[in-house]
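To start, the structure under review is shown below, and the notes come after it.
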Amino acid sequence: MKRKWNLEDTKKLFSKPFFDLIFEAQKKHREYFNPNRIQISTLLSIKTGACPEDCKYCPQSSRYKTGLKKEPLLEIEQILKAAKKAKSSGSTRFCMGAAWKNPKEKDMPYLEKIVKEVKKMGMETCMTLGTLNNSQAKKLAKAGLDFYNHNLDTSSNFYSSIITTRTYEERLSTLKKVRNSGMKICSGGIIGLGEKKQDRMELLMELSNLSIQPESVPINMLVKIPGTPMEKNENVDPFEFIRVIAATRIMMPKSYIRLSAGRENMSDETQAMCFMAGANSIFYGCKLLTSSNPKEEKDQKLFEKLDLFPDYKIQSITEENKNNENLKISDVNKAQYYNAAI
């Protein structure tokens, strides 16, 4: 029976001595996952910029002058080419994001076709397109979409300080529609928005107390983009970030926890502690829109130091991969990539 987390218990969890918390998280992690495996995702912006929303952290909002060049929907051939390269680099999941408040009905045939074509490659698929209605969720599920990303971002109490163009209830409603359609949920949040510790606790409570916990939980460290209202936010204490990762693992033991945006600003040691605390998924080998992800060579070296290997359980391992389990680097057009997690 799934545990229901309340604020008192969550506060006790967060207040544990740091090493006790990490130790508990690592034990919980080993109950459900191989600690030496990591799930690799690649993400692509299929429509960039000119978003009508006012999310204060996001460079894609049309309300802020971030210098981001807007781009129309990509051709399907461009998307499939990127997906093929992603698979060759070791990714098992291909994520696609569009800077919309919600998809229009005229876009649905295009989106459904993309899902079907990427699925033919043997990859898991994920999309983040904004809010969905029931019909759209069912169409995407029927097309074969495995995951739908729709983050809660922060606590319900702090949410209105970050976004006013979409309510918290709308986000929860979309997650419910996604779940009812049969798709899996990818939903997490951002640390560093100016929230208090209790907001972090309440975010994790909201996610963990969903009827079925998200299969994928991206935890982002705010990337401060010039031109957004949050460009001068205070830096996140790495130990506090690691504490959030550990609490996420304990509260959602069966979920993949993705160390998402902000890795470029993390030391190898911080990332290693995040993996120790239960993170077991990353976005790899791609640029996160206007912010950069660690260079492929740097990630490669870190994984080798930590003896981390990609999780190939979604796709069969080719003979080439059997001979060399280390991640392979592909020559990807980085300008097209976008942080689907935020």
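Cβ coordinates come from backbone N, Cα and C, glycine included.
Bear in mind that the values here come from a model prediction, so they are computed numbers and not experimental data.
Copied over from Swiss-Prot:
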{"type": "DOMAIN", "residues": "36-260", "note": "domain 'Radical SAM core'"}
{"type": "BINDING", "residues": "C51, C55, C58", "note": "[4Fe-4S] cluster binding site"}
{"type": "BINDING", "residues": "C95, C126, C186, R258", "note": "[2Fe-2S] cluster binding site"}
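Feature annotations (Swiss-Prot) mapped to structure.
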{"residue": "C51", "record": "[4Fe-4S] cluster binding site", "Cβ neighbours (10 Å)": "22"}
{"residue": "C55", "record": "[4Fe-4S] cluster binding site", "Cβ neighbours (10 Å)": "24"}
{"residue": "C58", "record": "[4Fe-4S] cluster binding site", "Cβ neighbours (10 Å)": "26"}
{"residue": "C95", "record": "[2Fe-2S] cluster binding site", "Cβ neighbours (10 Å)": "28"}
{"residue": "C126", "record": "[2Fe-2S] cluster binding site", "Cβ neighbours (10 Å)": "24"}
{"residue": "C186", "record": "[2Fe-2S] cluster binding site", "Cβ neighbours (10 Å)": "30"}
{"residue": "R258", "record": "[2Fe-2S] cluster binding site", "Cβ neighbours (10 Å)": "23"}
> What's the CA to CA span in angstrom from C55 ([4Fe-4S] cluster binding site) over to C186 ([2Fe-2S] cluster binding site)?
Replying inline: 19
> In the predicted model, what is the mean pLDDT computed over the domain 'Radical SAM core' (36-260)?
Replying inline: 92
> Around the [4Fe-4S] cluster site recorded as C51, C55, C58, what other same-chain residues have a C-beta within 8 angstroms of the site's C-beta center?
Replying inline: E53, D54, Y57, P59, Q60, S61, A99
> How long is the line from the C-alpha of C95 ([2Fe-2S] cluster binding site) to the C-alpha of C51 ([4Fe-4S] cluster binding site), rounded to the nearest angstrom?
Replying inline: 18
>> What does the structure give for the C-alpha distance between C126 ([2Fe-2S] cluster binding site) and C51 ([4Fe-4S] cluster binding site)? Integer Å is fine.
In response: 20
